[in-house]
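Quick look at what TrEMBL lists:
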- 1-97: domain 'DM13' (DOMAIN)
- 149-296: domain 'DOMON' (DOMAIN)
- 487-608: domain 'DOMON' (DOMAIN)
- 616-814: domain 'Cytochrome b561' (DOMAIN)
- 654-674: transmembrane segment (TRANSMEM)
- 686-706: transmembrane segment (TRANSMEM)
- 718-737: transmembrane segment (TRANSMEM)
- 757-781: transmembrane segment (TRANSMEM)
- 793-811: transmembrane segment (TRANSMEM)
Amino acid sequence: MLQHQLRGVFQLIDACSFRVTRFDLLPGSDVRWWGSIGDDFANLTNGFVISDMKLNRTYKNDSFVVNLNNNVSWDQIRVVSVWDIPTASDFGYVVLVNDARNGSEDFAPSPSPAAVGGGGGNSGSSNSSSVVGVFKEPTMFENCKVLSSSYRVRWTLEVEEGLIDIGLEAATGIQNYMAFGWANPNSTSKPMLGADVTVTGFTEDNGMSFADDFYISQYSECVKDEDGKVQGVCPDSMYEGSNAANTLVNNSVLVYGHRKDGVSFVRYQRPLNSDDKKFDLPVNPLDNMTVIWAMGLLKPPDSLHPYYLPENHGGTYGYLTLNVSDHMNDCLGPLDAEDKDDQDLITADRNAPLVVTVGPAVYYPNPPNPSKVIYINKKEAPVLRVERGVPVKFSIQAGHDVAFYVTSDPLGGNATLRNKSETIYAGGPAAEGVPASPMVLNWAPDRNTPDQVYYQSVFTEKMGWKIQVVDGGLSDMYNNSVVLDDQQVTLFWTLSENSISFAARGEKKSSYLAIGFGSGMVNSFAYVGWVDDDGKGHVNTYWIDAQEASGIHPTYENLTYVRCRSENGIMTLEFTRPLNPSCHGGERPECKNIIDPTTPLKIIWAMGARWSDDNLSERNMHSAASSRPVRVFLKRGSAEALEDLRPVLAVHGFMMFLAWGILLPGGILAARYLKHVKGDGWYQLHVYLQYSGLAIVLLGFLFAVAELQGLHFDSVHVKFGMAAIFLACVQPVNAYMRPKKPANGEEVSSKRLVWEYAHFITGRSAIVVGFVALVTGMKHLGDRYGGENVRGLNWALIGWFFIGALLVIYLENCEKKRRRDTVFGRSDWVLGNSEEEDTDLLSPSRAFAEKELDSSDRMEVQLEPMSR
């Protein structure tokens, strides 16, 4: 299977015919049985028709015999393909081994069939004078069961090996998962609880397939509580912990996976009786067992969950009773997805050149193909969309052996060499260049340009792909455009005297598109465009004051010329709004949404899978978003990315760490552990460190307020920081009000005792709150500028806290030892050494015990006559 959901079994009958059974195929243009001497690009494209039979309709599990043409024999054929002639497209093939060339004129038919399609398999022959099909297509199974109109499960039971091969197949989005497994036989009312399932899908970064073993302990997303206990829909490896070997718990072994024609297919293998008795259920091949299945969106990995997780596991699901030993095949015909085109789409813009290079063919959409194909803007053979009347600029850097041109011929490679005519719209043999010296090619599609043309190379066939030509749109309607962060959304705008018109277009498929005015999702004004189930487009405005769905509040801005449309999943929204909202009630949030064209406008974007007018929930949260805002200069027509970290805020963080991490704790340590040193050095050091730390705290606070242009209490960090600063400022006032220290022998006054306790509690509370402010500041920094940038600083802060804790433990032990030595060493008391201030507020009972001990020692002194 390469295209058009081709599937079937190929079997030779005799020297001039073959049989095809269980044959599935979606129709093409002019599809024929095709023969060639090799399965490489050159041999397949130089092949020939081997039968008069045409395959221009949909086939559903059909069986028939195909007769070779009179002038065709098996010794001319090594590969039999299903081939679309106009587009030179290979839908799938089977490779034959010709053992009849040993001189024998007798032909013996192959005793065993081979699957139609492409791919790997075991090679060899079972008859010394036969032509044998040797490649086993991994999409073929013995059984198939329809789970829903767009979802199927296929399986082959291998009882002797104790295994079962399972294939999951669904006409669904590439961001969606497919899950299948066995229910817990002891669960009756809720079959999914305790179920052993395999979740399959495709990774977001490289589109590779995966199959992971999951266990369902609750109807919820996989979470880990404070005790480290894992609950929800989680991989088995998460239940076992990060130290568990993945092979011991993930018993679903990926065999094969592909994404073709809008249909996802993943084949995996699992044992009937697993060694993992905790989270895997045994499968009895002879029993009727309950199986469950589900489809939905995938949640990509993050710092907490290093796995792809089902996001809406309650979306499309079901269960049924199945006996895997019963032969079953109710899958009649191929799955036919509504959206068959998963290829990247690039929309040309008049201000941005399209960079043309070459690269390896990995996911070329129209096999067979050469080993290297054309890349545009670093994307492999994307569909290019241009607008009539909008000039398109190509920067050709593909090398001197690739001459770029736009043609009416779907194959390229100079159609005149194939005795065919073509219309060349731009480029030609001279349109070649290298990165050091690129060639600029300009092309202006006009009203006579067909709706579909192709970009190709003059020298080699099938290096490029399609160009969609549409009527003039956004680039014609708007004066300015910029690409927002991550190159995923393009923003268009036109300024008028009192209003501004915006348009935004996504570069990847989604169900809604949102742009926001602000530095982040929180405290931003968002414009969300989506198309409802009836095909009607909407654009709504919102004020967002929290990251939860409850923090998204509709507003009532005066938007005009509102439009929203979806083309192959690509969202585009348009609206016009006044620069200064006309608000009579100034308390409404939208009254503050003023656009000043002379001031840079910070813009962010987000995309997601679902939106609605009301009842917003966590399902409406975005699946992709900009990593940072972009400053858009509306009058200048340009944009620049926001810097990663403002230098003044970096200085603020360093100063706060210096104060709360070094100076202020150092002052407390001096007062706590240096009182036994003669003189008042400990006091001078304590005062110097405390006042120095306080001065740096206040200076760092002023820096942050000045940079942020005000004090905003909208974050946890600011709240803890202000509390810490208040407690720190209380200490000098407390020191000024300090009662007089009692003389030697005098009792401590109640005021002095209250002051000592207040000074002790306030100082240590300030340190604790200050350290919490440091931690929340690092979290705020990570939320604002990305966790990757502050991970090292977090570890450094944790390490510093750990070192400080060890130092305090060490000094506390030394202090206890010194006090113990002082108590039991009173015989060495020297006059004049009683002025140290040795009050221990952490252990007031210890001082009392020492006094009692001294008193009892004096009572035990006995006087004796000297004459004795």
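Placed from the backbone N, Cα and C atoms, the Cβ positions cover glycine too.
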Can you say which of 654-674, 718-737, 757-781, 793-811 has the most Cβ pairs under 8 Å with the transmembrane segment (686-706)?
654-674
When the pLDDT values for the domain 'DOMON' (149-296) are averaged, what is the result?
88
Leading stretch by Cβ pairs under 8 Å, where the reference is the transmembrane segment (793-811) and the options are 654-674, 718-737, 757-781:
654-674
The domain 'DOMON' (149-296): DSSP-derived helix, strand, coil residue counts:
9 helix, 72 strand, 67 coil
Residues in the domain 'DM13' (1-97) grouped by DSSP into helix, strand and remaining coil:
8 helix, 54 strand, 35 coil
